[in-house]
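As recorded in Swiss-Prot, the features of this protein are as follows:
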type: TRANSMEM; residues: 17-37; note: transmembrane segment
type: TRANSMEM; residues: 59-79; note: transmembrane segment
type: TRANSMEM; residues: 97-117; note: transmembrane segment
type: TRANSMEM; residues: 127-147; note: transmembrane segment
type: TRANSMEM; residues: 156-176; note: transmembrane segment
type: TRANSMEM; residues: 181-201; note: transmembrane segment
type: TRANSMEM; residues: 206-226; note: transmembrane segment
type: TRANSMEM; residues: 260-280; note: transmembrane segment
type: TRANSMEM; residues: 292-312; note: transmembrane segment
type: TRANSMEM; residues: 333-353; note: transmembrane segment
type: TRANSMEM; residues: 368-388; note: transmembrane segment
Amino acid sequence: MKKFFICKSKFFKNPTFSGLLLILFCFLAIFISNTNFWKTYNYIINYPLIKINTHDKNFSLTNIVNDILMTFFFLEIGIEIKHEMLVGSLKNKSRAILPGIAAIGGMIFPALIYNFITKEDSSISSGWAITVATDIAFAVGVLKILGHSIPHSLLIFLLSLAIFDDIGAILIIAFFYSNHIDQYMILLSTLVILTILSINYLRVTCIYIYIIFGILLWESIFLSGIHSTISGVILGILMPHSSYLSSSKYEKSMAFLKKSLSFLNKYFILPIFAFFNSGINFSNFENLSSSLLPFGIFFGLVLGKPIGVFLFSYLSVKFKLSKLPVGISFKEIAGISFLCGIGFTMSIFISNLAFQNINEKIIYIAKFSILISSIVSSVIGFLFLYFLYKKIKLKN
């Protein structure tokens, strides 16, 4: 019995398990969406729980998952990136620049390919930004299926690249797809950020103060019309790091926070996120081949993303603008570049904005195309890295 519990504990702690759990919930949602329970599933996830009258917004269960729970995931990412920037693989500026440059390439090429393929249909030209985003949660989930063979520096490179990608996507949403950005709330968000910077500068070590200001930051960003999960990344990066503090109490609090966030995200938030965002009913896709939209999205994500990410990474290193992460080769960068083609939720979010004034069928086609493209990208990226590390393991 004791051996059983030891094996069970090891299984749940294995990073592969969390990645498989994410994919399991994704396919569970797809399965339910194509059964007689489709209407029930759709009703539950979209049920308006709260109405925010001042901003004419309904808060459904899906909003709670995407706007509130996912903030905790982004908070963990922000803390991790801050750690790597101060004492880890991103401490070297030339290595920290690389994911930013790679992200730029990963946004330019997909958009160009999408525009080239869909140029004959002006009704879908507004969807160019669908292909620029990377879904951090799913990309990391797929990478973690490979388990302990993945170097930590490669995971950090993917996280950093995806963060730059998301920031780019959020800026695109703000400038191209937002009809009513609340400037007052943007100003309030800026003031909250400056306040957090100030208390960090004063070496305040009470973690609860940062959490309180983090809640204020989330609310102000949410009400501004910008995707609220960015508040998690901002808070994580702005929180003080134990490397320049002598407070053992703060260090213990941060260690507990990191451990709690890791468990919560891996085994609860990310699987729920997958379940709420993967429900696509295939019966809505008649005459799919008659539209240029699926081809623009597919080739933008599956080809444009890896070409842009890899090419800009390669040129950046060759022209000595940046350096590769420690222990990482261009072959591994190539594998990661395919995983960047997993657009999924952010791409779906942008498609809803891009085609909100067009018929609903276009949005269904876009969602289906994003799903297929993301699956293909994840399979290619996974197999590429799997066989690469298998080959390295055999050599050693």
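The chain as shown is numbered from 1 upward.
Keep in mind that glycine also has a Cβ here, set from the backbone N, Cα and C atoms.
Among residues of the same chain six or more beyond the transmembrane segment (333-353), those with a C-beta under 8 A of the stretch's C-beta atoms are 66, 102, 106, 127, 129-135, 137-139, 142-143, 154, 157-158, 161-162, 165-166, 169, 172-173, 177, 227, 273, 277, 297, 301-302, 304-310, 313-314, 324, 363, 366-367, 370-371, 373-374, 376-378, 380-382, 384-385, 388.
Segment contact is absent for the transmembrane segment (260-280) and the transmembrane segment (156-176), given fewer than three CB pairs below 8 angstroms at sequence separation of 6 or more. Proximity of the transmembrane segment (97-117) to the transmembrane segment (206-226) is not established, fewer than 3 Cβ-Cβ distances being under 8 Å for residue pairs spaced 6 or more apart. Long-range contacts of the transmembrane segment (156-176) within the same chain, counting only residues at least 6 positions beyond its ends with a Cβ under 8 Å from a Cβ of the stretch, are 77, 80-81, 84, 88-90, 96, 98-100, 102-104, 106-107, 129, 132-136, 139-140, 143, 225-227, 230, 233, 309, 325, 328, 333, 336, 339-340, 346, 350, 353. Counted over residue pairs separated by six or more positions, the transmembrane segment (368-388) shares fewer than 3 Cβ pairs under 8 angstroms with the transmembrane segment (181-201), which leaves the two as not touching.
Within the same chain, the transmembrane segment (17-37) stays apart from the transmembrane segment (206-226): fewer than three Cβ pairs sit under 8 Å, each pair at least 6 residues apart.
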